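Going by Swiss-Prot, these are the annotated features:
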| type | residues | note |
| --- | --- | --- |
| BINDING | Ser76, Pro77, Glu78, Tyr118, Glu251 | substrate binding site |
| BINDING | Arg100, Asn101, Glu102, Asn109, Glu244, Leu245, Gly300 | ATP binding site |
Amino acid sequence: MSETATWQPSASIPNLLKRAAIMAEIRRFFADRGVLEVETPCMSQATVTDIHLFPFETRFVGPGHSQGMNLYLMTSPEYHMKRLLAAGCGPVFQLCRSFRNEEMGRHHNPEFTMLEWYRPHYDMYRLMNEVDDLLQQVLDCQPAESLSYQQAFQRHLEIDPLSADKTQLREAAAKLDLSNIADTEEDRDTLLQLLFTMGVEPHIGKEKPTFIYHFPASQASLAQISTEDHRVAERFEVYYKGIELANGFHELTDAREQQQRFEQDNRKRAARGLPQQPIDQNLLDALAAGLPDCSGVALGVDRLVMLALGAESLADVIAFTVDRA
């Protein structure tokens, strides 16, 4: 029998034991801080509208639903957790499976483990500090450094991402030999994301985790726009050793503005020939009922474990990656 028979786990048993210890450590971290662990559905009748996320879709055909009901596997537990927050649950965290019909490789698996938590009455900076505490505890790393999105572009690409026009962004892309992609791209945010991925990410978080905060307002997603600078959103990401670990927001609480953003996403999807997605009315109703002022973050657990173990690939820390599922 082949030594690489696909019935065998992707990860070694010693690595899976270490993974279990890290999961227990994460739970202790939140238990010590009085944060409630919750569970929410893996499937929903609505899904994300973000043009860069691709959910799995299935169909329920049980009794009473002879015509079938479209369901989507959750790309993150965010919407359901916000409904719990609006219902008065207080600070919460969740370790759960999430699903994205996208990449597969060293740092990606279509099914993955997400750690997501929400802190009422925390601003973005206070939550960044808590993320830093968790990373130091699990990874035994140095305290993180922080750069604004604008500072990161100015340092590594010598361009201001908040004021540069598309011509200037394409010129910056040309210096990275990316003209073949950039010259035909008309969406400014896609150009910015290309430059960030190829021109900024390789240079940050090498020795210690790096927070990038205050993303452009056009990339706010579900984050508030900064009251100090309306060009930027109260959003942050965390990078370490070439890997994006987490994405956090000072959460938007305005139901009307959130609906407008969802609708704008769907217009962008239509313009790109992508299917428009059903908007989560339950989330909008929860925001209208009163989501407390809060900040939240989603962190990729498989990537965290990979870094903690010094592994080369997610396959080294996941029992069965999709090619063995």
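Backbone N, Cα and C atoms are what each Cβ position is placed from, and that goes for glycine too.
Geometry remark: Glu78 (substrate binding site) versus Gly300 (ATP binding site), CA distance 14 Å.
Gly300 (ATP binding site) has Ser76 as its nearest neighbour among the binding-site residues Ser76, Pro77, Tyr118, Glu251, going by CA to CA distance. For the pair Glu251 (substrate binding site) and Asn109 (ATP binding site), the Cα-Cα distance reads 27 Å. Separating the Cα atoms of Tyr118 (substrate binding site) and Leu245 (ATP binding site) is a whole-number distance of 17 Å. Taking the Cβ of Arg100 (ATP binding site) as reference, residues of its chain lying under 8 Å away and at least six apart in sequence are, in sequence order, Leu53, Phe54, Pro55, Phe56, Thr75, Pro110, Phe112.
Our reading of the ATP binding annotation (Arg100, Asn101, Glu102, Asn109, Glu244, Leu245, Gly300) yields a largest Cα to Cα distance of 19 angstrom. Across the residues annotated as binding substrate (Ser76, Pro77, Glu78, Tyr118, Glu251), the two Cα atoms farthest apart lie 15 Å from each other. Asn101 (ATP binding site) sits 13 Å from Ser76 (substrate binding site), taking the C-alpha atoms as the reference points. Other than the site residues Ser76, Pro77, Glu78, Tyr118, Glu251, same-chain residues with C-beta atoms no more than 8 angstroms from the centre of those residues' C-beta atoms, the substrate site, are Tyr79, His80, Met81, Lys82, Glu116, Leu222, Gly296, Ala298. When Cβ neighbours within 10 Å are tallied across all protein chains shown, the highest count among the binding-site residues Glu78, Glu102, Glu251 belongs to Glu251.
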